[in-house]
Structure formats: C-alpha cells, structure tokens
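Structure first, commentary second.
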Amino acid sequence: MTVSGPGTPEPRPSDPGASSAEELRKEGNELFKCGDYEGALTAYTQALSLGATPQDQAILHRNRAACHLKLEDYSKAESEASKAIEKDGGDVKALYRRSQALEKLGRLDQAVLDLKRCVSLEPKNKVFQESLRNIGGQIQEKVRYMSSTDAKVEQMFQILLDPKEKGTEKKQKASQNLVVLAREDAGAEKIFRSNGVQLLQRLLDTGETDLMLAALRTLVGICSEHQSRTVATLSVLGTRRVVSILGVENQAVSLAACHLLQVMFDALKEGVKKGFRGKEGAIIVDPARELKVLISNLLELLTEIGVSGQGRDNALTLLIKMVPRKSPKDPNNSLTLWVIDQGLKKILEVGGSVPEAAGELTVTANSRMSASILLSKLFDDLKCDAERENFHRLCENYIRSWFEGQGLAGKLRAIQTVSCLLQGPCDAGNRALELSGVMESVIALCASEQEEEQLVAVEALIHAAGKAKRASFITANGVALLKDLYKGSERDSIRIRALVGLCKLGSAGGTDFSMKQFAEGSTLKLAKQCRKWLCNDQIDAGTRRWAVEGLAYLTFDADVKEEFVEDEAALKALFQLSRSEERSVLFAVGSALVNCTNSYDYEEPDPKMVELAKYAKQHVPEQHPKDKPSFVRARVKKLLAAGVVSAMTCMVKTESPVLTNSCRELLSRVFLALVEEVEDRGTVVAQGGGKALLPLALEGTDVGQTKAAQALAKLTITSNPEMTFPGERIYEVVRPLVSLLHLSCSGLQNFEALMALTNLAGISERLRQKILKEKAVPMIEGYMFEEHEMIRRAATECMCNLAMSKEVQDLFEAQGNDRLKLLVLYSGEDDELLRRAAAGGLAMLTSMRPSLCSRIPQVTTHWLEILQALLLSPNPELQHRGTVVVLNMMESSKEIASTLMESEVLEILSVLAKGEESPVTRAAAACLEKAVEYRLIQPNQDGE
C-alpha cells in the first residue's frame, strides 16, 4: 500500500458536478507526481468547492494533507488529515498522514495513537510498524531525559539561592547550566513546571548582576515562542516589574531585559508555537490585551524620572520593533494608531529633551535619533490622510503647548521637538516649522549667548535646510548668520554645526555640476575644515559626528570626493568613528561612502532629450568630469586600501535602531560598488564582506536587498562559495540569489543570479535541495526560453547542475511536458556554450533515468542529426557529451541501439574509438562493445 501520495478512490456512481471535481482531483494527482505541490493543492481546493460527496471530500482533504506535508506546513497537514478522518474514521492514509504531521510538531503522544490505529487496521503494513517503533523510541528517550532533568533543575536552584555559595565557581556554573537547559523546549517546560518562574523571581530580587542575567536569560528560553508560558510568566513577575528592569543602570542587565521583552512580544503577537499547540489550553487569555499592557508600560517608562539613558534607548528600540506592521500587505495597523493616541506625546518628550537642562530626562547621544526613527516608522505605518492629519494635529498641539506660555525653556523644547520631527517624519517637521513664530525664534536663538540655546537653534536650522524650498529661504536669510557663527564663535561645538549648515546649503545642487550655491572653491574649503575636525581626537565623538554630516553633503562635489579619498587620516578617523558608541553617525558615513563610490542610481540622459531641453532653454544637469568611471574606480581602490570593508562590516553588526532600512540600503549600494571589479572581490571577501552582505540581503528596503543580493551573486560567481560563505552560511545565500530571478529585476541581475546558482548547485545535494525549496526551478525554466542568449545559456547551465537532484529528474521524466525536447533542441544550437550546457544536462539525465532515452527519438525528428553533430564537433567537451548520450541510449534499449547503428553514428564512433586515449575514445569504444554484445555488429578478426 502507498501512503505518501494522493490516493485513488473506489469506483462510484456519478452525480451532478462530480465529473469536474473528478477532473480536478486527477489534475491535482498529476501535479503532485510532478512535484508541483502548490499547484496540486490549488486543484484539490477547487475540487472541494464544487460540492463533492462526503467520500470525495475525505479523499481531497487527505490529498491536501499530503501536499502540506511536502510543503513542510505541518499544522495545516494535521488539520486537513483531521477533516478527512471526521468524514471517514477508518481512512488509514489520513491517519498515517496526521501521525506524520504530529510527529513533526513534537506531539509524539498523539502521533502514537494514530499509528496504533493504523496498525490495527492494517496489521501487516511494515511502514506503519516501523514508524510506530521509531516514535516509541523517541518517547522513551524523552521520558529518560525529563526524569534526569528533574533532579538537575532542583539542584541548580538550590545552589543559586544558597547564600553560602555567594560568588563561587559552583554558583556560576549552575547559572550557566540553567540557561543552557532553558534553550531546549523540554528543559524550558521542565523549569516552568518546577515552579521555576517564582524561583527566578527570587534571583531577580537579589540585585546581583550575575544572578539577574542568569534569570533573565533563562526566562528567555521559557517564553521563547510559547504564548501560555509567556502569559504565566508576566502574571507571576508582573509586566511592570519586567519592564522596570530595562531602566537599571547596568547595561548588560538592561540589554538582557530588552531581549526578554522582545521574546515575550513575539510570543504574544505571533501566537502559539506549533510544537506546543496541544498544551496551550492551560491558560486562556486575550493576547491583544496583554500586548497593549506591555506596550503601555514601555511608553510609561519613556518619561519616568530615574530611568537610565540606556534603558530609555532600549524601550525605544523595542517599540520600533514591536509596533509598526512588518509588511504593508498586513491591513491591520490598529496597534500603531493606539500607540499614537496613547503615547505620541511621551515619544515627543524624549525627542524634544534638551541635554544638560534642569529637570530634563536622562538620555544618551542616540536617544533623540531613536525617537525620530520611531516617529518615522509610526508615520509611515499610517494608511490614509485622516490618520496622517491626526498625527500632524497631535504633534502641532504638543509643540504649541511648549512654545506658547512656557518661556524660553519651553521654546527650546519646542524647537528641539521640531528638529526631532525633521529627522524622522519630515512632513510633520515642515508643517511644525510653519507654525507662527517658530522659524523666527530659530533665527533669533542662533545669535544667543548661551551655548545650549545656540546648539538647539543651529541644529534646527540645519535640519530645516533639507528641503529645497527651505534651503533657498535660508540661503537668502540665514547664510550670513551661519557664516558669522562659524567665524566668530569661540566654541567648536557651535562652529562645527554652523559649518554643517553651510555644507548642506552648499550641496543643494546635488551632483549637478552646473548648479553651485557658493563661489568656486568654497566647498573645498568647507570640506577641508570638516576633515580637520574629524581628525581631531580632542573633540568628543558627538561633535565630530557633525563633521561627518558636513562631508556627507559636500561629497556630492567630485572635487571634494577626490580630496577626501586622498586623505588617509580622514578616512581612518571616519572608519574609527563608525565603530564608536556614537551610532547616529552611521547614516552620514553611509551617505559619504555612497557619494564617493557614485553608487547612487544614475541614468544617462537621452541625447535627443538633452538637445530638446537646451532648445527649450530648460536646465540640464551636467556630470562632473571627475565622476567618470575611471575616477570612480580609482576612488574605490583607495577606499578598499584604507579598510572600508572592515568598517562597514562593523556597521552592519550594529544592533541599534539607528541602523535603519535606509542606512542598510546605503551600505548595500557601497558593497555593490566595491565588488564591481573582479580583482577587488578577493579583498572584500578577505575582510568579511561576504558575511556582512547576508543580513543586508535579507532585511531592509527592496532596493537595498536587491543591491546586496547582486553583490552576493558577484562574489559567488568569481570566488569559491565554500570559502566565501563557510559552514551553514552558504545555505543562507540561496534565498537572496533566487530573489534576483524575479521579473522586476534587471537582465544583468537575472544573469548573475543564474550564474551564482549554477555554482552553488554544483557543490552539494543539500544546496540543490535548498534551491528547490526556494521554488527557483520554475523561474529558471522560464529563463531557458529567454531571447537574450547569455541569460538563456546561464539558465540552461543551472538546470544542468540541478538535474543531479532526484526531484528535477522526476520533472523531466513526467509525461506531458517539453523539458526533454528543449534540451535536445538546444544541443543542436549554434551557440557552442549553450550546446555544451544542454548536452551535459542530457548526458546526466539519460544516465540517471534510462527511461528518458526511449523518449529522445519521440521529441523531435532531428534527434539523430543533433547527436551526429555533437559527435563530429571539433570541441572535445561536446564530443564527450555526445558519446555519453549515445552510450546511455544504447544501454537502455536494443531497439534504439539498432537505429543508431544503422545510421552514420556507427562510422563516426568507429573513427572516434581509434583516437588517442581520452574520455571520448573510451565512451565510443564502450558504444561499439555494446553493439557487439547486442550482435548488431561483428568484432574485427583481430579482436578490435
């Protein structure tokens, strides 16, 4: 009996609608046999919708279960099998499939019950008996593990809570063992059921750093992906208590609490872990309510006095990760709307905090930037004008409340809040700038004698210059003021900010060589001063960040780029600053590097359109002579020599909300520029570029992920993938490469992805399975029909390597498709490289699947001519592939061998067999020996 694929029903009388349902079921069966499990699933679903009989419904449900098993969606497989069993309790196939799904879900006790039922229904079925023995062994092993774990858990808690063991090595080892045990599902469950949460609460109450870290990390294991345990833990510890740990001064403890809260949030939002679904009924709660309680406490923490700056940053980081939707396809943004209504003012309070002012919140250098990012994420998550208008109204009301009637301190906070908005949701910031008196106060405070007031005002002026309309206003009204501050102020902190304002205004023309805001040479002088401050170690990192901001704007000018890459000291200072705790510098560093490598999107204008624009007296942007490819390549080499890859690798590893998706995109663009030249790729790999590109290709903006994936493809093509991506990392490369096969990507990206996948497919069966799992085969097949010869060739080469997999061989062997015909026809094309790939695939397939040999004469009448052309080719590789195909065909059938020997193939093989010793002569000789064996030809008298 077969239990792995869709079943065949017993004959039954037909009824209305049954014929179409029957056709769909048969279609689904064929698709299943071909490996198209999603297509089969669709066919079975359509058949169910046609109102089939209960018997048919049971068959269709169990067939859907088989599809879900193949697609590794075990929860749905269990559900479908259960529906089949409800219709027919004696459906042994459905019972077996449900047991397979339950086993994968870890619910072994339930899987055993189904298997016992299967054995009782079919006692002689060896498949059922073997499966029952395997699961029985797994259950016994789990029981032994759990019983031995009981004593270990009790012993570890005794050591940790014993006051006599304070600071001993024994206590440290016990805490480490507890954390390790909690990482396993069974261990976490054991700790939880052994009153572990209450005991861990006692560890938290000790106040000792080591014990608190051990407790928090153990709680991470207990709560990870398990909703009921998470709710129980929050109930015992109290949500307020857990959140309050974020605010402690110790950074390690605060980070551990941040990780725990992230895990708790994931468990609440994503729901139940599949492996423990059967045990979730212990606690019935509303996850949405628990979620809001958790977020509400985080919002309260933002404005609490006594909370550490690091704790406030961690709370903002959690809100950034928790609240906005992961994808715009998700229609529900209610959590974002709730946070805006309940907590927007609290977020603005952090963003508007004025450092060193009396009564202000404790913040770090990154706090206000994190608040800006959170505000930006919330604003971007809004779906309609009404929601955005509400956001604007709340922001404006908050700013007015401080600006009007709160004196100078209130005006400073209002202006600081506007700066925060300008760095985040700039639309809201620009609207706030238009409020009565705000811009005038900014200009007036720039001339204040108090450093704090000047800092706030100048920063607001810099951020306000971001829009062209605002920049032109400030150029007309504020440039003189900024110049006076730059030249006249005695404080470096003021001078450097004024300089950045001038830099920003000076770069308003972007890369357009013909648009210059300042006189010739002024931008070079500004850049020189920025580099001077950047290299000054005596200035704190927060102030030096502004020098990088200035360079990020000035490097639009190619002259500035050339001088910057020549200044080794400035480059080293830039890279060193990017590794510092001053995380808010990351975007500016990325912008400067994008400008230096010209890795922004640029399209050559149509010459005819340029002439038309000139005739119409319209402005036409001009490219700087030093932005030509030869200059760009030289700059890239200088950056590589200065260690840019190592610096960028450190930036990618940054766990901070400041590393936004936009920042990731900048880094992806730079990496792509760095690997453009083949000779530079070894340097990038040696400095860790391959490892850094993986997270960039998996997370970020669509453009950023595509750029990073293309850089990965370039590295995979020219470097040994096993050296570039050692260990398990090589399997992570597949998904980004497959993403480049989508039609939205350019032809070059498609081509490079195909070449990279070809290399990976030739390494191991596990990699080929990973490519198949990512559903790349249909896309690769599509590109085999591409008009562009290089893409068509690359797709064929990739398919040739994938043909080593059983699943791909099944696709070629399936009836009703032209896959084999395409390879045969391509083996006769004029493109020699395409012929080599197609003939190689044909040789492999006929070797692995002899049944395909008999189908070659059926796919085209020109098959014999194509084989003869391969045998007569001057290229030894094509000759070898041709002789192997002929040998495989002769070994598969005497009839085919007879047809071949009656043609000119015999004469060609005879000539080839007499050549010098080579794979071709050996294969040709084997063909002739097979013909002799079949008695189709006679051996020579001398035995040759």
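Cβ coordinates are placed from backbone N, Cα and C, and glycine is handled just like the others.
Quick caveat, the model's predicted, so the values are computed rather than measured.
Marked as region 'Disordered' by Swiss-Prot: 1-25. Here Swiss-Prot flags 21-54 as repeat 'TPR 1'. If you look up Swiss-Prot, you'll see 58-91 marked as repeat 'TPR 2'. The feature N6-acetyllysine is assigned by Swiss-Prot to K70, K483. What Swiss-Prot lists as repeat 'TPR 3' is 92-125.
Distance between Cα atoms for K483 (N6-acetyllysine) and K70 (N6-acetyllysine): 69 Å, as a whole number. When the repeat 'TPR 3' (92-125) is classified with DSSP, helix, strand and coil residues number 27 helix, 0 strand, 7 coil. Counting residue by residue with DSSP, the repeat 'TPR 1' (21-54) contains 26 helix, 0 strand, 8 coil. Summed and averaged per residue, pLDDT over the repeat 'TPR 1' (21-54) gives 83.
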